[in-house]
Every structure is written in structure tokens, then in C-alpha cells.
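Feature list (source: Swiss-Prot):
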type	residues	note
DNA_BIND	63-86	DNA-binding region
DNA_BIND	115-138	DNA-binding region
DNA_BIND	166-189	DNA-binding region
CROSSLNK	LYS480	SUMO2 cross-link
CROSSLNK	LYS503	SUMO1 cross-link
CROSSLNK	LYS527	SUMO1 cross-link
DOMAIN	35-86	domain 'HTH myb-type 1'
DOMAIN	87-142	domain 'HTH myb-type 2'
DOMAIN	143-193	domain 'HTH myb-type 3'
MOD_RES	SER532	phosphoserine
MOD_RES	THR534	phosphothreonine
REGION	90-193	region 'Interaction with HIPK2 and NLK'
REGION	328-465	region 'Negative regulatory domain'
REGION	376-397	region 'Leucine-zipper'
Amino acid sequence: MARRPRHSIYSSDEDDEDFEMCDHDYDGLLPKSGKRHLGKTRWTREEDEKLKKLVEQNGTDDWKVIANYLPNRTDVQCQHRWQKVLNPELIKGPWTKEEDQRVIELVQKYGPKRWSVIAKHLKGRIGKQCRERWHNHLNPEVKKTSWTEEEDRIIYQAHKRLGNRWAEIAKLLPGRTDNAIKNHWNSTMRRKVEQEGYLQESSKASQPAVATSFQKNSHLMGFAQAPPTAQLPATGQPTVNNDYSYYHISEAQNVSSHVPYPVALHVNIVNVPQPAAAAIQRHYNDEDPEKEKRIKELELLLMSTENELKGQQVLPTQNHTCSYPGWHSTTIADHTRPHGDSAPVSCLGEHHSTPSLPADPGSLPEESASPARCMIVHQGTILDNVKNLLEFAETLQFIDSFLNTSSNHENSDLEMPSLTSTPLIGHKLTVTTPFHRDQTVKTQKENTVFRTPAIKRSILESSPRTPTPFKHALAAQEIKYGPLKMLPQTPSHLVEDLQDVIKQESDESGIVAEFQENGPPLLKKIKQEVESPTDKSGNFFCSHHWEGDSLNTQLFTQTSPVADAPNILTSSVLMAPASEDEDNVLKAFTVPKNRSLASPLQPCSSTWEPASCGKMEEQMTSSSQARKYVNAFSARTLVM
């Protein structure tokens with residue numbers, strides 16, 4: 001069963017048994033004929049009479065049987081109609097003192113919500129009656145005094161704005177219930193307002209000049225911690241509490257004569273304490289009720305901006321100028337300067353502190369120290385930039401859009417280098433406000449040590465890359481013969497000298513190199529004098545090392561390790577450009593030529609060759625069996 005939402009702590013419109021139980025109100029909607037209608041329609045006189053007869057005949061034990069005789073009602077509806085309206089045992093008269101005392105005791109025991117349980121202890125009363133009796137009469141928080149003119153004015157203004165939403169109006173008047181406000185309006189106030197003009201002339205005449213000038217000056221409230229000698233104007237200065245005084249700035253040109261330094265300008269909607277904010281909002285809404293919607297929108301916008309600023313990191317304390325429109329000329333008042341001097345501006349920011357703030361924590365309220373709620377600015381320049389509330393709203397919208405669109409790009413430029421090969425460990429972007437490039441130094445980044453230095457791709461691609469086999473071969477070569485030596489460069493005939501050296505080395509080692517006149521050298525051909533007929537698929541550079549001009553040269557090493565084996569690269573020439581500017585300048589690295597082996601290779605004996613080459617009878621038999629076994633399977637595609 002649907003419940004009505006709670007509107008007020010004094011509302012009489014909520015109960016877990018709440019249902020439309022109007023006593024014999026037969027003027028409502030009639031159920032449609034021809035189908036079973038289960039909606040909330042008023043009971044007719046005929047239905048009530050029929051329900052009474054059915055209860056007399058069948059009792060109150062089985063409501064489903066009774067509901068079968070009422071085509072448009074459910075068993076729950078029949079039960080509620082009987083228990084709350086038609087039951088002759090119900091007491092509908094006034095409450096006695098004993099009943100009131102019993103309700104008070106039960107509320108203290110069960111609380112002001114379990115009205116069904118409370119009603120079981122009161123014969124003849126239902127939960128709705130107990131609830132209304134408590135909220136309208138027995139609750140000690142309910143005011144029973146006569147209505148004051150201030151309460152009438154609040155009801156009048158709220159009714160103009162909200163209409164007959166009594167639960168909402170009751171929230172503005174603590175101690176008054178929605179039912180009491182409704183009865184007071186219908187019985188007394190409506191006639192006085194509509195016929196006698198009650199509160200209409202007095203409300204316009206009683207509005208102070210502060211409210212009018214307040215609307216002209218864009219909802220700005222000034223707060224100041226004045227020096228002992230400074231005195232605030234006595235007129236138009238309502239005191240909110242005993243600690244801080246809030247006053248209204250009437251005209252921008254008279255600020256310097258009234259306001260001491262420094263001045264904290266607060267946005268009224270969020271930062272002014274609740275009594276002052278309610279009074280200001282009430283004056284603001286007197287002339288234009290539509291402006292309340294804009295005020296609420298600005299509240300949400302301010303709160304969303306503040307939430308986004310909550311995650312901002314601590315920025316370096318620097319004097320810098322804000323780039324936001326409307327704040328570009330504001331300045332911080334310095335305690336060490338005269339009244340006319342000013343320091344550079346401070347932006348809105350989380351944990352952003354300046355040395356010009358007072359050291360005494362009691363000199364400023366919590367709201368003035370709260371981030372994104374106030375700006376500590378000089379007294380003369382802020383009013384020249386912030387003219388009205390709509391301009392301030394546009395500024396906040398600009399900030400909101402700037403945060404959503406520009407922060408990612410700014411942060412990526414500042415936090416991430418353009419070329420990195422190592423991922424950042426544990427890096428987390430917590431800043432949502434835009435950075436200025438002059439504020440964050442790259443040397444101060446927390447993840448600098450985890451970054452690979454950015455290298456230009458053109459430099460990487462200009463030099464030749466050594467394949468992996470050459471790397472292994474070079475490593476073995478350095479172990480045996482030591483590091484490679486670079487030939488000295490002659491300043492005038494470098495290319496000619498290198499060509500002579502390379503030609504001489506190529507004649508000895510069998511490597512032929514060709515050069516281009518206007519380009520980098522390219523290794524064109526490696527001439528192999530002796531090619532092994534038995535090794536076609538092995539790793540040429542890593543495992544087999546050979547050279548020689550005759551058949552007496554040993555081609556394979558049998559017992560010596562790789563480090564002791566000869567290598568083809570012992571007489572090779574590596575060439576690379578010396579710089580990007582000189583394409584024809586070469587670097588040549590040479591290694592002395594290998595010494596020939598002491599003993600030549602011996603031919604294999606006739607008994608050794610069949611055993612070593614797999615020509616024995618057992619070996620050939622096993623090989624043929626293996627081939628038959630493999631050939632028995634059909635070829636298939638290897639799925640990776």
C-alpha cells in the first residue's frame with residue numbers, strides 16, 4: 001500500500017495505515033462499470049450498507065469472501081473501510097484527558113512513528129487519530145500561543161511563492177504544524193489579506209534600504225577583521241553573532257571609507273550564516289519569486305565547484321595573476337603595506353595559502369578560511385570586477401566548463417612527457433583544477449625518477465641498428481681480443497684514408513664494401529670464400545666460426561668454447577656516421593686478423609664415418625620406422 005512522503009516533523013499526513021477513509025463522503029468518483037476497478041475511489045452509500053450487512057453475516061475473519069461480493073473492492077480495502085470508518089466501536093468524539101495521557105506515555109515508550117502499535121492500546125482509536133492528536137496537540141514542541149505579525153508575514157510570503165504546500169511552509173515556522181498553518185490561513189489570514197490588504201503595504205514599507213541596495217550589488221556580503229582603531233559604520237549593520245559582524249556594502253565607491261583591510265568577500269548563498277541568509281533570501285524573493293530558482297541553481301553550481309576543488313593538490317606558494325574573467329584585477333591586501341598598496345592576486349584554490357593572511361586563527365571565521373568559499377582581496381578592486389550576481393554565475397560556469405575540458409589536456413602536458421618508454425608507477429592524477437605552466441616545475445614532479453629520458457626519434461633512427469646475432473658475436477669478440485678500437489680521424493683526408501684502410505682489410509678478410517658519394521655507407525656484400533656443404537640451417541654467426549683460403553683450414557671447432565673460437569667478425573669493418581651533419585664521415589672499427597690453425601683437418605676413417613653419419617644398419621632401420629610412423633598421420637594446420 002502506497003504511503004505518502006513525510007513533509008514535516010509536524011505533518012499529519014503520514015501513517016503506515018494511511019488510506020483515504022472519508023466518513024460517508026459519497027460525492028467522489030464512481031467506479032467504472034463493466035470491469036473490476038481497484039483504484040482509490042470513494043466509497044458509495046450502497047457499498048457501505050452492503051459491507052455492513054456482509055460483516056454481520058460473515059464476520060471479520062475472512063475478508064476475501066466479503067470482497068467477492070464487492071466487485072470493485074479488494075479484501076484490504078474492505079478491511080480498512082470497516083476498521084477505520086464503519087466499525088461502530090470506533091470513537092469519533094473528543095479526546096479525554098485519560099486518552100491524552102495514555103498517548104503521551106505510549107509515544108515515550110514506542111516513539112512517534114509506530115502509531116498502529118499505539119492504537120492497539122487505545123480502544124476505539126485508530127493510528128491516524130493517535131498521530132494527529134500527538135502532532136497537533138500533545139507534542140510539547142508545538143506552539144499554542146497566538147500568531148505574531150512576523151509569523152503572518154512569513155506565511156504570506158511563502159504562500160505567494162509555494163501556494164497551498166503547507167508542509168513546505170511549516171518548515172519555515174518551527175513549532176507550527178502544517179494543519180495549524182492551513183487553518184490559520186483559511187480562517188483568518190486569507191480574508192484579511194484579500195479584503196483588508198493585510199501585510200501588503202506594510203511589507204513594502206518595512207523593507208529596509210539594505211535589501212534594495214543588496215540586490216543592486218550582486219549579493220555580496222562583506223566580512224572584515226578590523227584593526228582596533230577601525231570602526232565599521234553603525235547603520236545597516238545587522239549582527240549575526242557575537243564574534244563576527246556582517247555588514248552590507250551599499251555603494252562600490254564608498255567602500256574605502258567604510259571597510260577596513262583586508263576584506264573577505266563571501267558569496268551570500270553558501271557562506272553567510274543561516275539566519276542572515278534566510279533574511280536576505282526572503283527580501284530577495286519579495287519582488288521576484290522566479291529568482292529563487294536561480295538562487296538554488298547557483299547554490300548547486302557553487303557546491304559542485306567546491307567539491308571539484310576538494311581534490312586539488314597543494315600548489316607552490318607564488319604570487320600570480322588569475323586568468324579567470326571577472327577576477328583578473330583583484331589583489332591581496334598586505335598587512336605590511338599601507339591601505340592603498342596591494343599585492344598580486346590570489347586564486348581560488350585548495351590549501352592555497354599566502355603569507356599575507358593573519359596568523360591568528362580567531363581573526364577570521366571558518367567560512368573565510370574555507371577553500372573555494374571566499375577570496376581574500378583588496379577592498380577597492382573586487383567590486384570593480386564583480387558587478388552583479390549573474391556575472392558571477394557566468395564566471396562559475398566558465399570555471400566549470402574549463403575544469404571539464406581543459407584540465408585533462410593541461411595535466412597531460414605537465415605530468416606526462418611526450419616520449420616515455422617506462423610506465424609510471426603508482427601515478428594518480430588527483431588535481432582537477434587547471435594548472436599554470438609557470439607554477440609547476442618539472443623537477444618537482446613526484447615520479448621524475450621513474451621516467452625514461454625523452455629521446456628524439458630522429459636520433460634513434462639515424463644510426464644503424466645491430467642485429468642480435470652480431471651483438472652476441474661482438475660480445476664474444478670483446479672477451480677474446482678486448483674492446484674494439486676506433487681508428488683516429490684525420491682532419492683533411494678522412495674519407496680517402498678510411499677507404500684505403502677498408503680496402504686493405506676487405507682484401508684480407510673477404511668483405512667488400514661500397515660507398516656512396518652523398519649518402520651513408522651501406523654494407524652491400526659479404527663474400528664467403530669457403531662454404532660448408534653440411535651446415536645449411538645452423539646459426540651462422542653465433543655457433544660456427546670459420547675462415548680460410550684452402551681446404552686445409554679447420555672449418556669446425558670441436559672442443560674449444562665459443563670465447564676461444566675464431567669469428568668471421570674478427571676482420572670485419574663496422575661503419576657508422578659520426579654525426580647527423582656530416583653524412584660522409586665514417587667511423588671504422590677493426591680487429592686484427594685471426595691466426596691460422598696449427599694443424600689441418602684429417603679425413604675420416606672408413607669405420608668412423610658410418611657410425612658418425614648415421615649409416616649403421618640399426619640407425620637406418622630406426623630412421624625408416626620413424627618415417628613410416630610420421631607419414632601415417634595426415635598434415636594439418638597448426639593453430640597458434
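Here the Cβ of each residue, glycine as well, is placed from N, Cα and C on the backbone.
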The sparsest Cβ environment within 10 Å, among the recorded sites LYS480, LYS503, is found at LYS503
One should report the C-alpha separation between LYS503 (SUMO1 cross-link) and the residue listed as 'SUMO2 cross-link', rounded to whole angstrom, as 25
Model confidence over the region 'Leucine-zipper' (376-397), as mean pLDDT, sits at 50
Reduced to three DSSP states, the domain 'HTH myb-type 2' (87-142) has 32 helix, 0 strand, 24 coil
